[in-house]
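A quick write-up on the structure given underneath.
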Amino acid sequence: MTDHLPQRPDGNASGRRVRVVLVDDQEMVRDGLGALLASAPDIELVGEGANGFDAIRLARELAPDVIVMDIRMPEMDGLAATARIVGPDPAEDAPKVLVLTTFDLDEYVYEALALGASGFLLKDAPARDLIAAVRIVASGDALLSPSVTKRVIGTFARRRRSGAFRPEAAKALTPRELDVLRQLARGLSNAEIGQRLFLSEETIKTHVGRILTKLSLRDRTQAVVFAFENGLTGDAGPGEAGGPGEGDGGAT
């Protein structure tokens, strides 16, 4: 990846190790990535597979927290497996999917993100990025690297829509929530959005939660896909100037 992921401390709030299933049709890749994952004290590699059928079976049998899965595989690829594992109405305890790809501008990656994958990682990413990515998606966050994921979504989403602004797609959102959605589409963190909109990070977190609920989206990645596909990525409205907007719902 072109920029390193934020590193998170070992472990999680529950003190339990993150259970990971690794799925790739190349045994050498599985061996290499498996060794990297096993080197992290807070990550437990509980199973491996070679195709999408294996991913679905292992998700059911082992109940992992995260499935790290290649996109292109024989028999069943990562797209079909992602659709079965996390979409369209995943169980609350469904594993998060982190997809692997050889190059970043890959339409298969966009499809996986649109289907509910929590993020993607290049196969040649540094070891620390793989471990950080697993921790990020296991914590419930989407893996949104501004320099890569946003470019993938923007490139392929624009090919699928007329380019027209569709305000009706987000009519359930308040003006402030629409501001926040536009900032999400730029790949910004809650803290960065808060700085731009002169709101607290906690308030932004509340807005993001409301956006996901109102639009029936699973996570930030799907929110970014939604914004691009519906032409909602233009400059934010008056709320960005810093005055209190409608529905701020929290102290700044």
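Numbering starts at 1 and runs along the chain as displayed.
Note: Cβ is positioned from N, Cα and C throughout, glycine not excepted.
TrEMBL labels come from automatic prediction, so no person has curated them.
Annotated features in TrEMBL:
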type	residues	note
DOMAIN	19-138	domain 'Response regulatory'
MOD_RES	Asp70	4-aspartylphosphate
DOMAIN	166-231	domain 'HTH luxR-type'
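Counting Cβ atoms from all protein chains shown, Asp70 (4-aspartylphosphate) has 27 others lying within 10 Å of its own Cβ. Model confidence over the domain 'HTH luxR-type' (166-231) is summarised by a mean pLDDT of 88. Break the domain 'Response regulatory' (19-138) down by DSSP state and the numbers are 53 helix, 27 strand, 40 coil.
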